[in-house]
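Novice: The structure that follows is given in the form of structure tokens.
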């Protein structure tokens, strides 16, 4: 077996939005001469489509729910406790298994939601780095909440003027979110003991917030974790995420349809892999977009919330409703005029990296803060105003926001700004760019001496 510069074990939290960015980082490490092993829970491993040609090794671990995964757990706290118990044992087994090989594990890169992985790394004498899948701004807000025992006072010094509606929802948790709130705060219990703190962002995008975070921990921004062939093109084999939890059948239909649409004419609507909208909100969206050409991704689990008979009324020549779409291919298609998004960090980074203006409709977690930055800091979109009491975005507000981005007074400026962020994303990943320098610094510290 070929001797590598080192061997990184990557341990993501078991959901698609966390698995994908760490896997992409593994590809960067592999391109620098590192062996990388990516762990997946048994349940996730059995439900995804893996690219067999990928250079990234896979190892399975247990979360205690091998047959049913997260949804079969009795509660969030129960799942997290069992994941810690079973996960730490099975990760330790993988480390031991490689100890006597030519490429023993030298570093663990673990999801920041799993601080127990750092304790494990220290037990084995390995280097370790938490991987934060949210922006520097959100991480800094969460850190402030942690050191202030879960509370925040507005305004927050050194950050843009924030209102309550701009904060991550877990910072102002309701009863149902308390377990997630605790998980967010626990990211910071031992992160100061890690060798590095990795953040899926890039220097120019999060410049000020990165500086704030660097005062409390050794931050390295290593994003965007978008496949290389869409940006810097240094890794020729990296043209997709190469694993997916969803059906891939509709990809060709989607891209063929887009190729026939005029440039900048289509509104792309997608709310990620987890967001659950109410029937009322779905009806408002359906009504708001009726005068536009659109591609709307409605997951199978959400389809029943569409207005009765809606799918039969869709003009197939002008619009398309699908259960899944190849998002990178869609966003990079010239037909797309704007991206109506829930503002999950991965989707936000894809929109920025591919230069697409956005209509922001945040739902929960870090999304409200991402929406704030989309509109007021990066100036690449408009946040749809929601009703204060119900939280519903009404059709008039949705339609107005789409028009603002597609053809409004500031439309040209938003498109130019989106192009600027795309150029800076490419620059950061290219040789000598900020992300490339940071990844080189990381590998120089963890390689076998």
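FYI, residue positions are counted from 1 along the chain as it appears here.
The backbone N, Cα and C atoms fix where each Cβ goes, and this holds for glycine too.
Straight out of Swiss-Prot:
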ACT_SITE  18  active site, proton acceptor
BINDING   18  anthocyanidin binding site
ACT_SITE  111  active site, charge relay
BINDING   133, 327, 342, 345, 346, 347, 350, 366, 367  UDP-alpha-D-glucose binding site
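Structural setting of the listed features?
Specialist: The Cβ of residue 18 (active site, proton acceptor) has 12, 111, 113, 133 as same-chain neighbours under 8 Å, each 6 or more residues away in sequence. According to its DSSP assignment, residue 18 (active site, proton acceptor) is helical.
In the three-state DSSP reading, residue 111 (active site, charge relay) counts as strand.
In this view, residue 342 (UDP-alpha-D-glucose binding site) is surrounded by 23 other Cβ atoms within 10 Å of its Cβ, with every protein chain counted.
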Novice: Go through 133, 346, our binding-site residues, and report the one whose Cβ sees the most other Cβ atoms within 10 Å.
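Specialist: Ranked by Cβ atoms within 10 Å, first place goes to 133.
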Novice: I want to verify one value. Collapsing DSSP to three states, which class is residue 133 (UDP-alpha-D-glucose binding site)?
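Specialist: Note: residue 133 (UDP-alpha-D-glucose binding site) is coil by DSSP, not helix or strand.
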Novice: Could you give the maximum C-alpha to C-alpha distance in Å for the residues 133, 327, 342, 345, 346, 347, 350, 366, 367 that bind UDP-alpha-D-glucose per the record?
Specialist: 20
Novice: Under 8 Å Cβ-Cβ from residue 367 (UDP-alpha-D-glucose binding site), six or more apart in the same chain: what's there?
Specialist: 169, 342, 343, 344
